Structure formats: structure tokens, C-alpha cells
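These come from TrEMBL:
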type	residues	note
COILED	4-38	coiled coil
COMPBIAS	91-100	compositional bias 'Acidic residues'
REGION	80-106	region 'Disordered'
TRANSMEM	120-142	transmembrane segment
TRANSMEM	235-259	transmembrane segment
TRANSMEM	271-288	transmembrane segment
TRANSMEM	294-311	transmembrane segment
TRANSMEM	323-351	transmembrane segment
TRANSMEM	415-436	transmembrane segment
TRANSMEM	518-537	transmembrane segment
TRANSMEM	560-578	transmembrane segment
TRANSMEM	642-663	transmembrane segment
Amino acid sequence: MPRHQIKRDNRAAVEEEIEELEERMATYDETVLEDDENVGFNFRKVLNFPVPNKINELEAIDDDAFSARKTAFFTERPIGRQEESTSEVQSSDDEDEDASSESGTEEEKRDKYDWKFWECFWFCFRQLFFSRVWIIILQFIAANYAGERFRTDAFNLADRIIEPGQSLLGDVVVRRGLLGLRRWDAQQFLFIADNHYIFEHSLAFFPGYPEVINIFRLGIQQYTLSTVGWSFPSWVLTGILSFAINLFFFHAAGMALFMVVTMITRNVKQGLLAVTIFAYNPASIFFTSAYSESMFFTLTITGFNFMLYSIRSSSYSQKMFGVMTGTFIFGLSLVVRSNGMLNALFVAWYWCAALLWEPEKPVPDCHLLIESLAGTKNERYRREGQTRLRAFEKKRKQPRKVFRWTAPEHSRCTLVIFTVLLGLFVLFIFFGPYVFMANSVAEEFCEADPHQKELVANVKRHIRMSPKIITIVDAWEKTTWCRKPRILGLVRQYYTDIQAKYWNVGLFGYWRIRKIPCFLMMLPAAILTVLAIRSAWKDVFEKKRWNNIWILTIRSDHTLHLAIHATVMLLTGIFVINAEVFTRLMFSSSPLLYIFIARYIDELTQGNTPGNRFWHYTSTPGILPFFVFRRVWEDGWRGKALYIYIFGYFILGTMAHAAWLPFT
């Protein structure tokens, strides 16, 4: 056979091998980008299994996430000169950053990366801390100015059983300084923390938050009694701890929110903006008052962090650890608030990603091409081959995930059996804390011992109680749910009965003429929610063109699952629950609204404008909110309406709540 024919055959074999390997590495996202078909939602395509059944895995945060080469947001602060125009910044930034960021060892680069991360957290802490300072000032002014003139007939036993003069600290700090944080439902939580569940209506308030207060209170009391022989009255410690615990959880939630938003948006600026919006959100008073919003949002957003960690993990053990921990934390949120039940949607979403996707096995080298390049003397062929080999190696090292259901090496029958068994275990992890809580609380109320019944007698010594109030003394005789069998023989069901009995919660139960002001109060939050849902939908099905539900489960850079959750919340808020609580429910249940508002502000503050440089954030003292920019205010009625809504509810809503006015 002639020599040139042998060369042709060898090169044909090389071409065949590299094409086969490149085909093995073909991913769904690359195919979609090359597809010229019309975009938009298509129900049939959404449910189809992805072809190809691979997808490129995205890092949570790029190694050069804080580089000006990636975004002008990290352009260094100009010293002694005016910053260049927008067109000049991009070119000069590239040169400056090439000289600065690329210089130094890998350890020095990592130190710089970590330092900027800590600067982000320090900025977030300042925004969160000073927002609480403003809340404390506003509630103090409103509560002490209004006094009791606007007090309603709402439950207020936590204050009525207090005997003034017992404690100077309590009179000054709790009954004066933090007075505005003890309004409305805060009275329920504070009373439960001190006296447990002795009234039937108290069972509507889940024990996660008051039980944490109670544990710390008992610990402090036992320590002070054993060391100095005396302790503060229970109501003093409960009042201070309710504030301190919420203060801790509020800051923890803000830090966790920054991580989640940055991982979803791949944008540090939007993460910082989201935290500042959270710090001054319209329901901000409820994150500091003796409500369970701060604890619930902290658990929810921490669950997101673990779930996002799990779907990016290449190790099976790390993936299982992340998704199981996230499931358990989401389950704990159900012990804090009833709407934690909707977090089951997030659990199911991320478990689909964990079970149906796995890291791709390593793709072998293109050995024939390497051997061919080593033996050739043709310079042109060597250059072209080396260029193609470098592109192949770069793509080969890119981490990818494989859809297990259509992978030939996996048995569908085995996968179904494994999924069913693991699903039962997931149900146990998620609902286990709730089942334990519901049964414990119901048994404590329905089958109270004599010592617990003495608590009712102690309360009656301080106040006159209506005979219509059901307590643990007569719970078995006067309630029907105490005598009902457990659901599936596992869990007591009392929550829906109590909500319907005391608050008319049910389908159209809140649709009354006199409740129209409550629906008007929730209207801005409802409009924002609708816009956020619409934005998430368009972002997925029109902009990013991911018309496949299975692909969406493994990708973390979208908010479709948050939009589905928000849709359920919105419909529930309109048709079922008390309308006035919708605002605080939405702003404490998911990061969707914070991401939506942050993206809107980010799009308006591009170029050389205030808020589009990292040093703008790190150099601010943090006393005032850092998302108020002239560019947003000048964006017609939308920007003005956004700022008026946020600060109107932050200032006036806080003062109204502290004065016993109907902002609940």
C-alpha cells in the first residue's frame, strides 16, 4: 500500500476517533444554543427527556468572580484622577487587571479572592446592623408616643400578667425600650415561651421560635440561681431573648441570602443589592419583633445553601450529605411556621437533581491524534492538530453531568426501586420534626397533667377569663380534634381546625367587605410577586431557552422553582389565608423578590454610575440603605413606586405596628 494512502487512513482514523469523543461530550445546552427553533414554553418539550443527556456543570462562583476582566463592577478605585468613560473603562480595565490580578502566586490570588469575599460580608453586616438600629428607634418613638390609645381587643396576656416594679431592667428595657416589639402576634409567642400551650388558639403558633427562647431562658435562670442565688423574672429574660435571638437570626439570614443570590445569579453585585433590600424590606419590623419570621427565613435560606452545594458536588457522599442536610433544615422550618410545608416543593426539586443526575465518567484522551502529531513532519498538520487537541482537552476537562434515566449503563427498574425507597426516607427526614412537634404539642394540650393545669389557675389570678376560652383544663371535653384519630395513625391534626375557628381561614373565608383594606395592604407585594414570576418564566423559556424540566432541576442559575413556590403562595394569600400577612410571608419565604428587585436595580445602574463599582459598597459606612440610586428614581413611575413602597412600609409600617395599628 502506498505511503500516502497509509497517511490518509491514519488521519481518517484520527478524525473518526476525535469526532466520536466530541460526540460523547456533546451537551444539551450547547445544542440548544445552536438550535434556531422558536423559543417559548412548550408543554411536550418540557417533559421530554433531554437529548443529548449531558449538561455542562456550572461552578457556584468563578475563580475570577472578583476580577475586573469579568465585570467592570470590580474596577479599582481611581486615585487622583477621574474615572474613564464607559468605553474607556473596558479596555483599560483589561490591561490593568492583567497586570494586577495575574501577578503573584496562586496563594496570593486566593488571599485576594478571600479578602474581597470578607469585604462583601462586612458590607452586608453593616447594612443589616444599622437597619436594626433604625427599627429600634422607630418602634421606640411610635410605641411610647402612642401608648395604649390604639390598643385593640387582640390577645395581650403576655403584657397583662406582668407586674410592674419587679425588675428595673425589665421596666426600662422590656416595657419601655422594646415595647414596640411586643405587639400583635408577638404577644402569642411571648406568652407561649413563658407558659407553653394553655389556650387552644395558641396552637396556631408553632413552637420552634418560642421553644428556643424557653431553652435559653431556662439555661440562664438555672445558671444565675446556682451562681448568685437569684435570677431575673421570666418575662424579663423572655423579652430580651426574643429580641436577641431574632437579631442573630436576621444577620445570619442576610449572610446566607448573599451566598444564595450570588450562586443563582452568578453576580456579586446583585447579591449585595439583595442583602440591602432584605435589610430594609417592607416587612422588616417582623424580623425584629417577637415573631418567627427571622428564624424561618434563616432555616429556609440555609436549606437553599445546602441544596445548591449538593447539586454541584462531584462526590456522591458530598452530594448525599448536602441534600439530606438541606432536607432536614427545610423540615425544621416546618416546626417554626406552617408555610414551611411548601418547602416540600424545594426538597422534591433538588432531590430530582440529586437522583437523576450524576457526574460524567472521565472521557479518554484522543490517543491516535497524539500519536499522529508525535510522528508527523508536516508543520501545517501539526499546528492544526495541536489547536484542535487543545480545544478537545479544554472541553474534556469541563465537568459535566449525565441524566441517569436515559444513560445506557443504568437500569430504569433499579433506579425506580431506589427512588421509592429513598423517597420514603426523605419523607421521614422532612416530616419527622413536624410529626414529633405536632404530637407533642397536641398531647400536652389535650392530656395535660395537674402541674400544667396550675398554669391556668395562675393566669386566672391575674386576669378575668371569658368562659368561652378553651384551656388545657377542659380541652378534652370542649374540643373535637382532641378525640379525633391521628392522620394515617401518625400525626395529630389540629392546625386547620383552629385557624378556621379563630381566624376564618379557608377558601374565600377572608373575602369580606370590611377586609378590603387588608387586600389593599397586600396589593404591592402581590404585584411584585406577579412581576417576579413573569420575569422568572421569561428568563427560562425565552432568554435562556431551557425548554426542559429535567435540565432545570440540575441548573442552579434560574428561579423557576422559586416562581412556582411563589405562585402557590400568591393564590393562597388571595383565596385562603388572612390577606394582611401576605407581605411578611412572601418576604420571609424565599429569595425570589430580593433577586427580582436586585436585578431591576442592577440593570439600571450600569456604566460609571453610583452603585456599579465594588468600592462604592465597601467604602460606605452603612448607616443608610445602599440601594437608593438616582438612576432608579429617574426610571419613571416604576422606580419611584418601588422606593416609596419599600421605605413607606419600612418606616410607616414599623411605626404603625409598634403603635398597635393594624399592620400585622
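Every residue, even glycine, has its Cβ placed from backbone N, Cα and C.
For the transmembrane segment (642-663), same-chain residues at least 6 beyond its ends with a Cβ under 8 Å from one of its own Cβ atoms are 134-135, 138-143, 145-146, 148, 150-152, 154, 179-181, 183-184, 277, 280-286, 289, 517-518, 521, 524, 580, 583, 597, 600, 628, 632-633. Of the two recorded stretches, the transmembrane segment (560-578) does not lie close to the transmembrane segment (120-142), with fewer than three CB pairs under 8 Å once pairs fewer than 6 apart in sequence are set aside.
Long-range Cβ contacts of the transmembrane segment (323-351) within its own chain (Cβ-Cβ under 8 Å, at least 6 residues beyond either end) map to 206-209, 292-293, 295-296, 299-300, 302-307, 309-311, 422-423, 426, 429-434, 437, 495, 553, 561, 564-565, 568-569, 585, 589.
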